[in-house]
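As recorded in Swiss-Prot, the features of this protein are as follows:
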- ARG50: O2 binding site (BINDING)
- HIS54, GLU60, HIS102: Fe cation binding site (BINDING)
- GLU60, ARG106, GLU116: substrate binding site (BINDING)
- CYS131, CYS134, CYS168, CYS171: divalent metal cation binding site (BINDING)
Amino acid sequence: MLPPALNIPKWLEENSHLLQPPVNNYCVYHPSSPATAGYTVMIVGGPNARTDYHINTTPEFFYQYRGSMLLKTVDTSVSPPVFQDIPIHEGSIFLLPANTPHCPVRFKDTVGVVMEQPRPKDAVDTMLWFCKKCGEVVWEKRFVCTDLGTQVKEVVEEFAADQEKRTCKACGTIAETRYQEGEVVQPPRFLE
């Protein structure tokens with residue numbers, strides 16, 4: 001028997017405490033469940049201000065349920081890399097192509113849904129940090145993603161705990177693990 005549809009307002013009312021930093025997400029449909037056909041569906045809340053970029057070998061589908069978010073992306077096929085910010089407003093959807101470095105920045109009282117298709121067997125995810133002074137990659141970690149909810153958090157914490165990993169080899173700038181107050185501004189469409 002199939003489960004009932006998920007009512008997002010009711011789920012948030014009962015479970016918003018599960019959206020905790022540093023990732024602020026909860027997998028409502030886990031890929032290990034036979035009913036999901038390997039898909040991952042997450043509810044993600046704000047605020048978060050992590051500076052890491054994630055590379056997934058499959059596309060990611062974003063639906064912004066409440067408020068606006070900013071999806072920071074990088075085109076690494078050119079040198080120097082080109083950084084592009086994509087606002088995703090309440091009620092909007094966005095399909096991020098596979099293998100695109102991205103950093104989803106969510107603001108206070110915002111909620112989104114992210115869906116990832118099944119990863120190919122032994123697909124390698126990458127998390128990386130760019131130097132905000134020179135644009136070079138400061139550090140990256142590759143891993144086979146078996147549990148997005150825990151593995152991303154572990155990599156973020158590993159980077160945060162090691163100043164050597166956070167130091168840019170090109171210019172010596174120490175990378176921050178969070179954006180500073182006012183450094184990233186919520187897209188203006190739904191500001192109060």
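Even glycines carry a Cβ here, placed using N, Cα and C.
Feature map: annotations from Swiss-Prot on the structure.
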{"residue": "ARG50", "record": "O2 binding site", "Cβ neighbours (10 Å)": "25"}
{"residue": "HIS54", "record": "Fe cation binding site", "Cβ neighbours (10 Å)": "20"}
{"residue": "GLU60", "record": "Fe cation binding site", "Cβ neighbours (10 Å)": "21"}
{"residue": "HIS102", "record": "Fe cation binding site", "Cβ neighbours (10 Å)": "19"}
{"residue": "ARG106", "record": "substrate binding site", "Cβ neighbours (10 Å)": "26"}
{"residue": "GLU116", "record": "substrate binding site", "Cβ neighbours (10 Å)": "21"}
{"residue": "CYS131", "record": "divalent metal cation binding site", "Cβ neighbours (10 Å)": "20"}
{"residue": "CYS134", "record": "divalent metal cation binding site", "Cβ neighbours (10 Å)": "13"}
{"residue": "CYS168", "record": "divalent metal cation binding site", "Cβ neighbours (10 Å)": "20"}
{"residue": "CYS171", "record": "divalent metal cation binding site", "Cβ neighbours (10 Å)": "12"}
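Max Cα-Cα distance over the annotated substrate binders (GLU60, ARG106, GLU116) is 18 Å.
Residues HIS54, GLU60, HIS102 make up the record's Fe cation site, and a Cβ search at 8 Å around their centroid adds TYR53, ILE55, ASN56, LEU71, LEU96, THR100, PRO101, CYS103, PRO104 from the same chain. For the recorded site, CYS171 (divalent metal cation binding site), the DSSP three-state label reads coil. Each residue contributes its Cα atom, and for GLU116 (substrate binding site) and GLU60 (Fe cation binding site) these two points are 5 Å apart.
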